[in-house]
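Student: Quick one: structure below, then a few questions.
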Amino acid sequence: MRTIDWVNGAVEIIDQTALPGEERVLRLHTVGELIAAIQSLAVRGAPALGVAGAFGVALAARIHVDDPAALAVAVRRIETARPTAVNLARGAQRAAAVIAHGPEAVLAQACAIRDEEIAASAAMARLGADLVVALCGARPRLLTHCNTGALAAVTVGTALGVVGELHQRGRLAGVIASETRPLLQGARLTSWELTRWGIEHRVAVDSAGPFLMARGEVDAVILGADRICANGDVINKIGTYAHALGAHRAGIPFIVVAPESTVDPYTPSGAAVEIEDRGSAEVTAWSEAANPAFDITPYDLVTAIVTDRRIIRVDRGEKP
Ligand code: MRU
């Protein structure tokens, strides 16, 4: 299953706002439609956003083939559609870098970015599963947060790809999906993906995670990232930091799985990252709300970062 792809001149995505109730494919023909899909989280998750950004530039290159100024504006709109995941701007910029060679070259670049993410998912699944077994023993019980499956990464996924790999190896004793307030990426999307894979799981409210760890019901936390800073700080879905604190207190590994395309050597630490604020409406209809969509987990709470090429043992002083 490819959850985002280029099909007959348009971008096709699985509409993640409709899941799990309805499996609906959206065809996006314009830059405006693509940006609306990104901002509504119809397509979401860092690697998928990188691919969406690149395909968005491919759309723009076709539409504005004779208007470089309009094309430049479109590229800027795409790369800033959401601020936090580094993949979006990076994917758009990589595709835009070949605009001078024409729309077909831009599309080829976007397809290459898609293919790189597909390959990265497969590599992370293997590397991550090996590390989890090395750190936790034969049959770990894992807790994950947000959605890091194929929906977030074209195919397979990052942290959820590791969960799937452990399941296939017969080495998974259990998985808890943290529900991920307010948009329920864990309860809606991760649960939907785990069910499709035939992996038994439980959903827990976000605030239960650290308590379940304290009670000895979790052997490791494994989740993804939207940006990994040069010092190892991890930007990920709001709630990640609380799980890192819980893991630290419980003395269990806190493992971050993300492709190299999410590692951002130009951002020194989490303090330099714009955390998306998504406003009140997603949280409550009857009062004002603070709704930061991501948080920063300091590197000293991270055990290891698994990318498609490396295992960075942050707990041993290694940096991305
Ligand atoms: O707001 P979202 O749903 O796009 O946030 C996504 C996350 O925080 C994911 O954990 C992250 O992008 C990793 S995706 C493999």
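A Cβ is built for glycine as well, from the same backbone N, Cα and C atoms used for every other residue.
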Student: Out of Gln168, Gln185, which one does TrEMBL list together with Arg44, Gly45, Ala46, Arg82, Asn236, Lys237 for substrate?
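Tutor: Record source TrEMBL; matching candidate: Gln185.
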Student: What's the number of neighbouring CB atoms sitting within 10 A of the CB on Ala46 (substrate binding site)?
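Tutor: Taking all protein chains shown, Ala46 (substrate binding site) has 30 Cβ neighbours within 10 Å.
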Student: Rounded to a whole number, what is the top Cα to Cα distance in Å among the residues the record ties to substrate, namely Arg44, Gly45, Ala46, Arg82, Gln185, Asn236, Lys237?
Tutor: 17
Student: Around the C-beta of Gly45 (substrate binding site), how many further C-beta atoms are within 10 angstroms, looking at every protein chain?
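Tutor: Result for Gly45 (substrate binding site): 32 neighbouring Cβ atoms inside 10 Å.
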Student: Can you grab the distance from Gly45 (substrate binding site) over to Cys146 (site 'Transition state stabilizer')? Cα atoms, rounded to a whole Å.
Tutor: 9
Student: Please work out the number of neighbouring Cβ atoms within 10 Å of the Cβ of Asp226 (active site, proton donor), leaving out its own Cβ.
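Tutor: 31, counting other Cβ atoms within 10 Å of Asp226 (active site, proton donor).
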